[in-house]
Each structure stands twice: as structure tokens, then as C-alpha cells.
Amino acid sequence: MSGAVVFDLDGTLVHSAPDIHAAVNRALAEQGQEPLSLGAVTGFIGDGVPALIAGVADDRGIAPERRETLMARYLFHYNADSVALTRPFPGLERTLSTLIGSGHRLGVCTNKPEGSARDILRLLGLDRYFEVVVGAGSLPQRKPHPAPLLHCFERLDAQGVYVGDSEVDGECAARAGVPFLLFTGGYRKRRVAEIPHREAFGRFADLPGLMAAPAA
């Protein structure tokens, strides 16, 4: 079977939480705030930068009028050093090569700003695998609205599946009418059984086999 495979980025293709965590804490320190744990920051990942900063600010009781500055400083620190600690998940590149060799066209649909997403893919040498990248700012809507995902498939000119790690990804796929494959090694907040999905996997080496299997 060939077609399109579209991936989420944070928590799906790459383990990016450590760099997001570092940038958040640098921005907090500039406001005289105590740092947050990696686990706390990871819990805010998935809905885009505004939701990330809202979660951080709520946790630290930061006044609304100071949140815009917090977001700007977070973006400054993150974009200045976005891959110091970020790495692709094990087995990812071999799997991407296998999928392309099987005739699949690959894309990325993320709530990360498109420019940041492209930078990370380029700096990690992953950009060569993906024909299309859709991120925050590409369209007025963001996930879980189905428009970004549908736009990604439209640009790939193919139907296929969405691979993600979170509740947001699952809802987006469901609203778009696209089969969802859940990567269990990412940043989901709920149990696997509570997130609707066609298949779940914890190793990228298993993904090509799931693509070849008939839908249940």
C-alpha cells in the first residue's frame, strides 16, 4: 500500500521536550520566577506555543499583562538553541527511508510555528524526508481543527494516515476522517486506550508493518 504518511513533530518525530523546557525556564528566570520541572513543561506541549505559555503562566501565577513578554522571551531562547538536546526517536530515519522506498509521500503537520518546525527538521537532517510541512501560521486554524491536516494531504496529493503522540493529534485525525496511528513514546496525557486510534506502536521499526497491514 502506498499513499501519504503525515507526522506530528514534537513527541512523535523528535524528543524535543528538553529544549522546550530549557527555553521556558530561561524565560521564567528573566521574570524572577522559579523553574518548572521537565515533567510539568512536557504536560503543556501539544497545543502550540500560546497554550504552552498559558500553562506555564497559570502554574506560576504570572499576571496576564506579563504573558506576552514571557512568550516573546521563550521564543527568543528556543529559536536561538532549539536542537541542543532534541533528538529524533530511535529508528526514525530508517523507518522514514523505508516508507519512502515503499512509495509513500511524507509530510509534517504540527502546532509548532512553521518556521521553527522547518529549522528543527533542517538542523537534525530530517528535512530531506518531507515534501510538505504545515505548522502554526500556515493556516488560520491549528490542530485539533482538521484544516491543517487536510491541507497537508491536499498538498501531498494523496490520502493516507496521520501519525501522532497526543490527544490533540487523535482528535485532529478523527475530525479530518483520517486513520490515526498513535506513537506511545511521546507526550500524551491519557492512557492509550482512551485515545481513539487505528493502531498503536512504541517503536518506529514497527511502523512500516502497520502501514502494510489491512485496516481492521
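The backbone N, Cα and C atoms fix where each Cβ goes, glycine too.
The Mg(2+) binding site annotation in TrEMBL covers Asp8, Asp10, Asp165. Among the features that TrEMBL reports, active site, nucleophile is placed at Asp8.
All features noted in TrEMBL, drawn onto the structure.
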| residue | record | CB count, 10 Å |
| --- | --- | --- |
| Asp8 | Mg(2+) binding site | 28 |
| Asp10 | Mg(2+) binding site | 26 |
| Asp165 | Mg(2+) binding site | 25 |
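In this structure, Asp165 (Mg(2+) binding site) belongs to neither helix nor strand by DSSP; it is coil. Cβ atoms within 8 Å of the centroid of the Cβ atoms of Asp8, Asp10, Asp165 (the Mg(2+) site) belong to the same-chain residues Phe7, Leu9, Gly11, Thr12, Leu13, Ile45, Gly46, Thr110, Gly164, Ser166, Asp169, Phe183, Gly186, Tyr187, site residues excluded. The secondary structure of Asp8 (Mg(2+) binding site), as reduced to three states from DSSP, is coil rather than helix or strand.
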